[in-house]
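Right, one structure below, let's go through it.
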Amino acid sequence: MSEKIIRGVKFGVLSPNEIRQMSVTAIITSEVYDEDGTPIEGGVMDPKLGVIEPGQKCPVCGNTLAGCPGHFGHIELIKPVIHIGYVKHIYDFLRSTCWRCGRIKIKEQDLERYKRIYNAIKLRWPSAARRLVEYIKKISIKNLECPHCGEKQFKIKLEKPYNFNEERNGSIVKLSPSEIRDRLERIPDSDVELLGYDPKSSRPEWMILTVLPVPPITIRPSITIESGIRAEDDLTHKLVDIIRLNERLKESIEAGAPQLIIEDLWDLLQYHVATYFDNEIPGLPPAKHRSGRPLRTLAQRLKGKEGRFRGNLSGKRVDFSARTVISPDPNLSIDEVGIPYTIARMLTVPERVTNINIERIRQYIINGPDKWPGANYVIKPDGRRIDLRYVKDRKELASSITAGYVVERHLVDGDVVLFNRQPSLHRISMMAHKVRVLPGRTFRLNLLDCPPYNADFDGDEMNLHVPQSEEAIAEARELMLVHKNIITPRYGGPIIGGGQDYISGAYLLSVKTTLLTVEEVATILGVTDFVGELGEPAILAPKPYYTGKQVISLFLPKDFNFHGPANISKGPRACKDEICPHDSFIVIKNGLLLEGVFDKKAIGNQQPESMLHWSIREYGTEYGKWLMDNVFKMFIRFLEMRGFTMTLEDITIPDEAQNEITTKIKEGYSQVDEYIRKFNEGQLEPIPGRTIEESLESYILDTLDKLRKVAGEIATKYLDPFNNVYIMAITGARGSELNITQMTALLGQQSVRGERIRRGYRERTLSLFKYGDIAPEARGFVKNSFMRGLSPYEMFFHAAGGREGLVDTAVKTSQSGYMQRRLINALSDLRIEYDGTVRSLYGDIVQVVYGDDAVHPMYSAHSKSVNVNRVIERVIGWKR
């Protein structure tokens with residue numbers, strides 16, 4: 001068979017003759033099976049249409065199930081019907097051409113000129129040719145008299161979905177499909193071309209169906225239900241309805257039935273043919289099963305997420321994959337994933353037998369499919385597969401294998417697999433991990449790996465895929481391993497890093513009050529692979545003590561320099577340089593942590609230009625992996641030793657603090673009352689550009705916002721600096737000072753759409769308030785804290801504010817998902833060429849220099865090509 005190169009794909013409309021030629025049989029009866037359950041010849045399951053049962057031979061091509069592609073049949077329609085997919089095209093043809101002579105309603109000399117222009121531009125500038133066609137249609141539709149035959153033209157209206165009405169001498173006449181077909185037949189080929197169609201492959205009258213193609217059985221196979229009853233495909237049901245109606249229409253015409261009955265049956269045939277193509281036509285009731293379920297017809301098989309394109313071509317279900325719940329395991333390396341034994345025994349990797357690995361593989365074969373590490377299949381050099389479940393003497397088989405065999409063995413420690421969590425919103429939602437087979441029934445994941453996957457452990461499930469070829473495994477190992485993706489391609493900062501307990505532990509270990517004995521240091525270092533001298537303790541007498549900073553310094557490169565504020569550098573503890581009494585400015589000189597604490601700004605995930613970021617960027621991702629596998633584990637160990645809990649005592653403030661807050665609330669309420677009094681007396685000064693009512697709302701909101709801030713400051717002033725809740729908030733481990741304010745002092749103003757709550761009953765939010773009351777409490781201000789508890793109406797307002805967040809989340813998720821899909825489809829053919837330009841599939845330049853600087857964000861210094869300050873700091877240990 002000679003090879004051919006595909007130059008292009010051309011779409012057209014099937015002519016009635018083409019439908020008959022590609023058909024192997026006419027479908028003439030609505031009966032499907034006879035009494036024995038054998039398909040009837042001339043029915044919709046005629047054996048000539050293809051084979052769906054194994055062992056049968058196709059009477060047309062002689063092939064079995066594996067080789068028979070299926071064959072088309074056809075139904076000769078008694079009356080023509082409109083193809084629902086071409087209604088708009090038919091409408092354009094009818095309005096642009098004369099009903100009598102079929103010519104475009106434009107003068108002959110103008111038509112000749114348009115033809116010359118169209119022929120000159122149609123190949124070189126197809127978009128310009130399309131605009132010319134639209135222009136021809138536009139001016140032709142406007143003409144009320146045919147310039148060729150002089151006939152008066154009537155206005156045609158489309159009554160959706162497929163009825164065409166014509167206004168003739170004041171009355172409205174419905175055009176039948178036969179009449180429409182006659183008109184379309186009269187349009188000459190030259191005019192069809194000027195209206196944008198190729199008359200060789202798309203004559204307009206072919207859009208009115210006289211012959212309906214019947215698809216092969218292979219695309220609409222029947223299934224046998226457990227009870228032994230055959231269930232037919234939705235398309236088969238629809239085709240039976242069409243044939244049944246076609247027969248009734250034929251009988252009615254032959255019996256000389258009244259025109260009204262014939263037209264009703266014709267309309268019904270039109271409905272069935274339309275819903276056969278698309279069962280979701282606006283304005284048309286969908287065809288349904290007896291159960292009430294709408295039929296899934298041709299368009300539904302192609303459209304949407306579950307359709308043929310997105311469901312079976314762009315995305316497929318795959319083998320060698322697993323899915324289960326994820327659990328945290330801080331003892332795994334960031335590059336590893338814990339896999340249950342059950343899954344490790346089911347998923348296999350093909351390993352080729354060589355003289356080096358033959359003994360190990362023989363042991364896998366002896367272990368078999370049920371004992372880990374074993375094997376499930378042996379593939380001989382001739383391609384035959386041996387299933388080890390059915391081999392009685394596995395030892396004999398193991399001894400017979402030689403180099404060249406392939407064994408599908410179980411997953412073992414160190415195998416490379418792909419790990420993914422949906423929704424996969426960016427590239428690093430799928431990364432490669434190394435297998436660690438563990439007991440249990442869940443996947444185990446290091447907590448540091450959560451941010452790129454956006455994973456947590458409240459029931460999330462993740463997918464695992466096992467690459468099968470050496471090339472795929474090599475690509476995954478070189479490009480996709482977790483430590484090679486610590487720096488995100490989004491902005492060039494570390495997406496993997498500390499969070500929650502890691503940050504609390506790092507802060508408590510690095511804070512200047514932390515002193516450790518040699519034994520405690522040894523306990524902490526026991527979870528790391530540190531080997532080396534501890535150095536001299538910071539305190540020698542009365543007892544040797546190391547500081548937490550000394551322990552952390554053991555893991556920093558000896559030439560590493562860094563300066564920068566910590567997360568706790570806020571308010572009264574803020575520091576701008578190294579002269580800092582609050583320990584809130586980090587100074588690392590020649591690998592020694594001299595000052596400052598490690599918190600979110602130093603080691604947190606998604607923190608660009610942090611200590612973690614520069615150390616990974618300058619010493620490589622292997623160092624970053626080592627740091628996370630050791631130092632971060634050490635932070636957790638220290639937290640375990642010290643203990644870290646949260647109790648009600650942590651959010652209880654003394655009475656004097658509560659009295660201060662109550663006084664401030666009263667002052668705030670008085671201020672609001674004063675604004676309301678001024679408003680009622682007409683003395684309130686409006687804010688420029690706002691109405692007096694808007695100004696009042698703005699003044700009240702500002703006052704209540706200040707009140708919440710003051711209450712929060714009072715509450716935190718009375719909290720112990722080593723209060724665990726306070727530590728979590730100031731270090732950036734979890735929560736914020738606002739959360740502390742809400743737990744200890746007051747919740748503050750609840751808002752809906754950025755305003756105070758105003759909807760409810762007429763002129764008041766709830767029935768317990770007076771009409772027209774706009775005081776803080778009547779409009780959603782909550783003066784209680786979570787600790788003290790909310791009153792019933794405060795609880796109601798709080799729920800109203802919370803609901804807005806839930807609705808927002810649901811709406812934005814679907815909107816952003818759809819926007820991303822459109823963006824991906826629009827940008828999918830862009831790529832960076834070797835000359836640095838960004839080009840489309842056709843070579844069009846979209847960007848002369850990628851990103852205007854030709855720098856990959858992943859390898860940039862936080863989106864800059866070079867950070868000069870950092871270069872100076874790195875070399876001389878000081879910033880400019």
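Placement of Cβ uses the backbone N, Cα and C atoms for every residue, glycine included.
The Zn(2+) 1 binding site feature in Swiss-Prot is assigned to C58, C61, C68, H71; the stated evidence is experimental evidence. The annotation Zn(2+) 2 binding site is assigned in Swiss-Prot to C98, C101, C146, C149 on the grounds of experimental evidence. What Swiss-Prot records for D456, D458, D460 is Mg(2+) binding site, and it gives experimental evidence as the kind of evidence. The Zn(2+) 3 binding site annotation in Swiss-Prot covers R573, C575, C580, H582, S584 and rests on experimental evidence.
Here the features listed in Swiss-Prot are placed on the structure.
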residue : record                : DSSP class
C68     : Zn(2+) 1 binding site : coil
C98     : Zn(2+) 2 binding site : coil
C146    : Zn(2+) 2 binding site : coil
D458    : Mg(2+) binding site   : coil
R573    : Zn(2+) 3 binding site : helix
C580    : Zn(2+) 3 binding site : coil
| request: Name the one residue among C98, C146, D456 whose Cα is closest in three-dimensional space to that of C575 (Zn(2+) 3 binding site); these are the binding-site residues. | output: D456
| note | Those same-chain residues, other than R573, C575, C580, H582, S584, found with Cβ within 8 Å of the centroid of the Zn(2+) 3-site Cβ atoms are P565, A566, I568, S569, A574, P581, D583, F585
| 8 Å Cβ shell about C58, C61, C68, H71 centroid, Zn(2+) 1 site members excluded | K48, G50, V51, P59, V60, G62, N63, G67, P69, G70
| Looking at Cβ-Cβ distances, which residues of the chain lie under 8 angstroms from H71 (Zn(2+) 1 binding site) while being 6 or more apart from it? | S23, V24, K48, L49, G50, C58, V60, C61, P216
| task | Measuring CA to CA, name the entry from the binding-site residues C98, C101, H582 that ends up nearest D458 (Mg(2+) binding site). | result | H582
| request: Please report the number of other Cβ atoms within 10 Å of the Cβ of D456 (Mg(2+) binding site). | output: 11
| field | Separation of alpha carbons, C149 (Zn(2+) 2 binding site) and C580 (Zn(2+) 3 binding site) (Å) | value | 97
| task | Check each residue in the chain of C149 (Zn(2+) 2 binding site) that is at least six apart in sequence and keep those whose C-beta is under 8 Å from its C-beta; list them in sequence order. | result | C98, R100, C101, R103
| From binding-site residues C68, C146, D456, D460, the one whose Cα lies nearest S584 (Zn(2+) 3 binding site) | D456
| note | Nearest by Cα to H582 (Zn(2+) 3 binding site), of the binding-site residues C68, C146, D456, D460, is D456
| Taking Cα atoms as reference points, which of the binding-site residues C68, C146, R573 is nearest to D460 (Mg(2+) binding site)? | R573
